[in-house]
Amino acid sequence: MLICFIFILLIPESATCPAECVCVDRTVSCVGQQLTEVPQNIPNDTIRLDLQDNEITKIGPNDFSSLMNLKALQLMDNQIVTIHNQSFSSLVFLQKLRLSRNRIRHLPDNVFQNNLKLTHLDLSENDITVVSDAQLQGPEFLEVLNLDKNHIFCLENNVISSWVSLEVLTLNGNRLTTFEEPSNARFRQLDLFNNPWNCDCRLRWMRKWLEKAEGQNKTVCATPLNLQGSSIEILQDKFMTCSGNRKRRYKKTCETAEICPLPCTCTGTTVDCRDSGLTYVPTNLPPSTTEIRLEQNQISSIPSHSFKNLKNLTRLDLSKNIITEIQPKAFLGLHNLHTLVLYGNNITDLKSDTFEGLGSLQLLLLNANQLTCIRRGTFDHVPKLSMLSLYDNDIKSISEVTFQNLTSLSTLHLAKNPLICDCNLQWLAQINLQKNIETSGARCEQPKRLRKKKFATLPPNKFKCKGSESFVSMYADSCFIDSICPTQCDCYGTTVDCNKRGLNTIPTSIPRFATQLLLSGNNISTVDLNSNIHVLENLEVLDLSNNHITFINDKSFEKLSKLRELRLNDNKLHHFSSMVLDEQSNLEILDLSGNNIQCFSSIFFNKATRIREIKVIGNDLLCDCRILPLMSWLRSNSSHSIDIPPCQQFQYSDNESDKQRCAAFPEETCSDDSNLCPPKCSCLDRVVRCSNKNLTSFPSRIPFDTTELYLDANYINEIPAHDLNRLYSLTKLDLSHNRLISLENNTFSNLTRLSTLIISYNKLRCLQPLAFNGLNALRILSLHGNDISFLPQSAFSNLTSITHIAVGSNSLYCDCNMAWFSKWIKSKFIEAGIARCEYPNTVSNQLLLTAQPYQFTCDSKVPTKLATKCDLCLNSPCKNNAICETTSSRKYTCNCTPGFYGVHCENQIDACYGSPCLNNATCKVAQAGRFNCYCNKGFEGDYCEKNIDDCVNSKCENGGKCVDLINSYRCDCPMEYEGKHCEDKLEYCTKKLNPCENNGKCIPINGSYSCMCSPGFTGNNCETNIDDCKNVECQNGGSCVDGILSYDCLCRPGYAGQYCEIPPMMDMEYQKTDACQQSACGQGECVASQNSSDFTCKCHEGFSGPSCDRQMSVGFKNPGAYLALDPLASDGTITMTLRTTSKIGILLYYGDDHFVSAELYDGRVKLVYYIGNFPASHMYSSVKVNDGLPHRISIRTSERKCFLQIDKNPVQIVENSGKSDQLITKGKEMLYIGGLPIEKSQDAKRRFHVKNSESLKGCISSITINEVPINLQQALENVNTEQSCSATVNFCAGIDCGNGKCTNNALSPKGYMCQCDSHFSGEHCDEKRIKCDKQKFRRHHIENECRSVDRIKIAECNGYCGGEQNCCTAVKKKQRKVKMICKNGTTKISTVHIIRQCQCEPTKSVLSEK
């Protein structure tokens, strides 16, 4: 005995803990380890065992036999089907058992017999159908029993009644029709939702219980019919009746249910469940069953081990269900089964172990399914099979190895399959020649030479392979059938040539053996998953150049690990996502030239590790901070072949100011956001379904290549035309049953392929004149069930393809303007005779289809209630002489006259405009420029700014910190406590208390915890990132930046490489001329004179002077930014130009106790003037200045008055009346522009000198004080500002670039430049550029009914030559002899004129030619 004891002590601790688990202080955690069975070597003294989130399928009798001390067992989220009746017999101290979210179908009797101390049992979300007393007996003090979301139709309650401690019983989502009241239970929670309750006398107890409970209003009756849908708690007892037969029929036991499952019938040893609406295979089947009939149900899946106890079963019929999945070993245990009927289902695939255990099977019917192949090993387990029907599937070929064990096969049905009768099916033809097993009349589909030939009549020598045909079906036993060469293309070797074939889409049937795919010179617009390029794993070269591609799905090239060359040049790409490149990409050559790409994300270049040649010339690359990723990549790959346009004017170094400057640039154009499916929606095969998803707005992230979009049954009230018109491939759009009010002009203008548009049952009141502009392909339009009164003819003028239109159930106003519609639908026969007139009364209820022209008259005025449907301004909503401007059918803007504000200009600007009173206090004007605040309860102070302290008598416990609220307080608890007063202690490692950081795993230990850290972290709470820079030395002065299990060397300017080992590149700027080298242009560009050694300076934005050394503008974008100038005189004028889109921000501040301040509030200038006469005087500008355009602001102080003028608007005056008559400060104060120092801002806000102390976000320029221009480089203090405004405002606001686009450019004096389209020039792109080009291409030459044998190089002249007097024409041609082939089979030689040179020539008139 002593020897044994010593041996136990010598066993290492790790030997008693399974390798997949973590064992800490009697707790064993094996969560998420993909375990398929309960691990061995679990310590015997374990108290808690966590096995959730694994793949365990069964619990054996001895799995927990040694764990007698176990108190908590977690087995949820596994695949458990089987539990032995002795599985838990040793767990005598078990208190909590969770078996939820498994696949348990049946509980053994007495399974919990020894678990007397069990208090919590969770069996929810399984497939249990019957729960009997014998299954539940054992526990004596059960408190919680969860049975939610099973298929329970019978529940015995004798054991449940005996549990006087039972507080929670959940039965939601089952199939219970009745449940007898448990006699002794005192439920705290009883959940009964979603059961088909039969509300008779037996449920009166339930009604009384629900009447007292709260939140149980979803418990409704299913039967009898007169009570269907009624909430049980509101019924009266007199309606809940029972007949005598029903009372006698009710039994308190599930014994009969165990014998024969509902709703089946059992006769002898046959179980008949035909046409019973079953959605799953019944579990409680009698063991003596020999035949089961389950045909014509709704079963979709056959789980593993579904029939394992039915050893006597000989026939099983599962035909005419909707089975899509047969799980592995589904029929295991059916050793005597000789007939299996599976025809008429939706089975697409069979696993190799699907029929394991069916050694006696003789007849197998798999006809009328959707099988595409037969895998290797599928029939290895059925050696006695004599009859196999695969009739009416989609099988193309069968490998010989698949049938090698079917030695007894005598009958095979293969008809109605698209068989490929090539060399890979010759083996079957040889067997059929010997045994004649194929008797169904199967025919060949491919190759073309054998199409429609009967399989049984073809000799084996006809089954041949030509060229690459042997590759097509070579791997049929792996369910892979390759494609033949597309009809539009030519295939030679492994090259597929589809160049210049006029293709609109990529052929979907490209063979996988292709190594080169050439698709140049077509009309392809999208590259999506439908093209199947992503499956061409052998592809090495892909040429998609010279197409119209605007969109590439992120996963289109995902699996092309062998792709070395990708050509996408000369397309219309605006974005190239890094998602297109796989992490393991071997791409070496990438051509993106001639697109519309503006920039690339840094992630893209992180993946482009093997690219040695890249071309992006001819794109719209932005020469600003967004080109940094490309510049950085170039520095690290300078030896590579690059074809990239230089950005001569953009300079960047790695200093802090440049980093901050570039950090603020917008990233939208460079983002890597892929084309995902919208939230809540489903996307499949370019069809997006968002029906009935409670959407309140048009969803984002809809794939650009979507063809069908379903948005019906939502709450959408507006269609964003910009987002919708990106979906240019859309053919069907369903917006019915929403809350749309109007259709605006050009809402669908880009949807040129849309054929069906359904907008029925909305709240449409208005169609704008161009509502359906662009819908030339529309055939079906439904506007039924709306509130439309007018149908403008112009809205329907583009509907040239319309065949059906529905406008019934609308409030149509049929005056003379509706006559056209009646005439139109009569001539086109497109309306079904449902639409009727509602107004005027003279034609009320008149069918439009049968109305006569004389009935449509304009004799009376249109009622205002109808006219305002499309123009709300007719109601004159704007006040105080404001001008109403209609912006859409249901929207308008009131342009207020100066001095008024509000949606309808109903309010006059006064001292209370800025809501100066805090905490919802009431503001009342006392006199011009002054106000009083009337506080709400709980506040006090001049501005009601002080909150009365409610923490004086707080009841916070356990170290909780009291936080004062309004008329209340809250307790901020320490980490381990919760509750209103921190009175409840939390358990560690729960959702509410997990101290482990950085994804560390929390393990509870006797009231405390331990953290198991993720790789890269350490510390008690995994709070410390392990320093990966410890042994790293960055070169050339670089500094190491620690990451998570990684590091980066932050290099000095010009250096690159992993360790900053790559020296700086050569200066890429053009060499300056001698004259410019001696210049000092400061913040500008030197322009040398061509005729002398002199030069001039072209200043950058924000600078002026002969040497560009005077700073005239300053940008504000950083927190705490400000400029400090010399003190302001008591009486003086300061003028500035402001550009901003912000609603708030400091403009200027001067003073201490006495002050003048100007700030933005709601986009207006708020001026506060105080010279010592309390209270301060307030004034707001009558106009807003935050529209992004430049505004000239002038502020003048003179004694008690302060004057404000914005642009050329009238001067506004505010007076601080009282004894003091001049603005005098205590000390020498600076004049602050754009913001305040932190201490000054806090003080100014505390004393209500300013409402908001944030710095301005925008630009201030051309500052003058008393008409003297200020050089901002001479400011006393300059903190966190920008030298110019290019990074803070949009200088393109309000700029019209005509035939081009405006881009911000810090190097331009005006801050912007117009980038003209290819055929235009000039400062604003309003001058057409003279240009005549020869455009070359390769195509067939056509003459009458003859075509050239080969494609030939030809050209056309295109361009603009300055007007009608000149034209772009060919001035040099050559002749070429070309061989032609004609439709009648003859050939000839034709002479073709090939253009060699194009230029502008005078236009020849017809008269001059004569």
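Just so it is clear, glycine is given a Cβ too, placed from its N, Cα and C backbone atoms.
As written in Swiss-Prot, here are the features:
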type	residues	note
SIGNAL	1-16	signal peptide
DOMAIN	17-43	domain 'LRRNT 1'
REPEAT	219-242	repeat 'LRR 8'
REPEAT	310-333	repeat 'LRR 10'
DOMAIN	417-466	domain 'LRRCT 2'
DOMAIN	484-511	domain 'LRRNT 3'
DOMAIN	619-671	domain 'LRRCT 3'
DOMAIN	677-703	domain 'LRRNT 4'
DOMAIN	810-859	domain 'LRRCT 4'
DOMAIN	871-906	domain 'EGF-like 1'
DOMAIN	908-945	domain 'EGF-like 2'
DOMAIN	947-983	domain 'EGF-like 1'
DOMAIN	985-1023	domain 'EGF-like 3'
DOMAIN	1025-1061	domain 'EGF-like 2'
DOMAIN	1112-1285	domain 'Laminin G-like'
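The domain 'Laminin G-like' (1112-1285) scores a mean pLDDT of 91 in the predicted structure.
The helix, strand and coil residue counts that DSSP assigns across the domain 'EGF-like 1' (947-983) are 0 helix, 11 strand, 26 coil. Counted over residue pairs separated by six or more positions, the domain 'LRRNT 1' (17-43) shares fewer than 3 Cβ pairs under 8 angstroms with the domain 'LRRNT 4' (677-703), which leaves the two as not touching. Within its own chain, the repeat 'LRR 10' (310-333) has Cβ neighbours under 8 Å at 269, 285, 287-304, 339-348, 350-351, 353-358, 365, counting only residues six or more beyond its boundaries. Sequence-distant contacts of the repeat 'LRR 8' (219-242), counting only residues of its own chain at least 6 positions beyond either end whose CB sits under 8 Å from a CB of the stretch, comprise 177, 192-193, 195-204, 206-207, 210-211, 213. For the domain 'LRRNT 3' (484-511), same-chain residues at least 6 beyond its ends with a Cβ under 8 Å from one of its own Cβ atoms are 446-447, 468-469, 471-472, 517-527, 530-533, 536, 538, 543, 1337-1339, 1351. Within the chain, the domain 'LRRNT 4' (677-703) has long-range Cβ neighbours (under 8 A, six or more residues past its boundaries) at 528, 530, 553, 709-720, 723-724, 726-727, 729, 734.
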